[in-house]
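Structure record follows, encoded as C-alpha cells.
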C-alpha cells in the first residue's frame, strides 16, 4: 500500500533524529487510521488510549473500526500522573501488548502526554501514534515528541522525547469541540503568530464559522514543525515556543489545574508582552495589541491569584537554569528573545498589574 492509495488530502513531513514521520491532515482522516497503520508496517497488537469524555464520542467507533481494545482514563490534567502511567502499564500487559505493539493516543494534550510517556517507557519503548481530537493538541501538543507527566511540585517534571510513528489530524472533529476547548487551541495559534506570522493575529480567524480555518490550522502546524526540525531536543531556538508558558504553568499550578492549559497560555501571553514592555524591549502598542486579541477570543487577561504565589510556583519550572528563570519575551511581532536576567520585582509588578 502507498500513500497515494489512502484518501488523506495532505501530508507534512517531519524530520527527527529518532526517525522521520508524517502528519496526515484531512477530513475523515481518522477513518483512514487502519490503512495508515498498515502503510507504516505497524502490524502488531494495538490499543487505543483515550479519556472517559472522548471514548463515547470517537473512541468506541475507532475501537470497532480497528478491532483493538480501548482504554479510557479519567479526564483532566490532575490525572496526568505517574500513578496513571502505572495503571496504563497494567492495562497494556493485560491486553498482551508486546514490543511490536502500538499505542494510539486519541484525545487532547493530556492523553498525548500520558499515553506517549507510557509508550516511551513500556518495554523500553514501543510504537506510538498521535490522533489529536482537540485544537490545542492538533497545532501544538501532538507535534515534536515531548511526552510526560506532572508531579505535585509542577507540570511535566517527568518526561521523555518520544516521536510518534505518525500523527493523524482530522479537522472534521473541530465543530464538535466545546467553546472552551476551541479558544484554548486558539491560544497556541496566537502564540505561533506572535513568534512567526503576524497574519495569524486576527480575531476574525477564530470564529467558529470561518470556512477557511483549515488554512490557519495548517499554518500553525507548519510553524511548530519548523521549530521542531531545527531544534528537536529544545537546546536553543525551540525554547521560543515557551512564549507565555513560564507564567502559564505557574498559574495552572496555583489554580490546582482548574485553569485549562490554553486559558493559562492566553493569560501568559498577555503577561509576557507586559513584561517585554517592562524590560524595555518593545513599545506599549505590543502588549495592548496582545491583550486586546486574547480578550477578543474569550481567553482570560486577568487572574485573581496572589502574585507572590504565582512567582513561587515558577521555582519548579522545568525551563529554569538552576535558580534562574527563563522567559521568552518579544521585541516585536516575530522577534522573540529568551532572557534570563528578568528581575523578580518586574515579574511581581506585571502580575500585580494583571490581578483581577
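Any Cβ shown, glycine's included, is placed from N, Cα and C.
Please treat TrEMBL annotations as automatic predictions, because they have not gone through curation.
Under the heading domain '3-dehydroquinate synthase N-terminal', TrEMBL lists 71-182. Taken from TrEMBL, the feature NAD(+) binding site covers 75-80, 109-113, 133-134, 146, 155. Residues annotated as domain '3-dehydroquinate synthase C-terminal' in TrEMBL: 185-319. The Zn(2+) binding site feature in TrEMBL is assigned to 188, 245, 261.
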List the residues in the vicinity of the Zn(2+) site, defined as same-chain residues other than 188, 245, 261 with C-beta within 8 angstroms of the site's C-beta centre.
136, 140, 187, 191, 244, 248, 262, 264, 265, 268
Given a separation of at least six residues and a C-beta threshold under 8 Å, show me what packs close to residue 77 (NAD(+) binding site) in the same chain.
110, 150, 252, 257, 261
Rounded to the nearest Å - Cα separation of residue 111 (NAD(+) binding site) and residue 188 (Zn(2+) binding site):
17
Please list residues from the chain of residue 134 (NAD(+) binding site) whose Cβ is under 8 angstroms from its Cβ, counting only those at least six apart in sequence.
107, 108, 109, 177, 181, 184, 185
With helix taken as DSSP H, G or I, strand as E or B and everything else coil, how many residues of the domain '3-dehydroquinate synthase N-terminal' (71-182) land in each class?
49 helix, 33 strand, 30 coil
Quick one: Cα separation, residue 79 (NAD(+) binding site) versus residue 245 (Zn(2+) binding site), in Å?
20
Report the same-chain neighbours of residue 188 (Zn(2+) binding site): residues 6+ apart in sequence with Cβ closer than 8 Å to its Cβ, ordered by sequence.
135, 136, 139, 140, 220, 262, 265
Could you tell me how many residues in the domain '3-dehydroquinate synthase C-terminal' (185-319) are helical, how many are strand and how many are coil under DSSP?
94 helix, 1 strand, 40 coil
Give me the non-local Cβ neighbours of residue 245 (Zn(2+) binding site): same chain, 6+ apart in sequence, Cβ-Cβ under 8 Å, ordered along the sequence.
265, 268, 319, 328
List, in sequence order, the same-chain residues at least six positions removed whose CB sits under 8 Å from that of residue 75 (NAD(+) binding site)?
51, 52, 53, 54, 110
How many other Cβ atoms are found within 10 Å of the Cβ atom of residue 155 (NAD(+) binding site), counting all protein chains shown?
25
Among 79, 111, the most crowded of the binding-site residues [Cβ within 10 Å]:
111
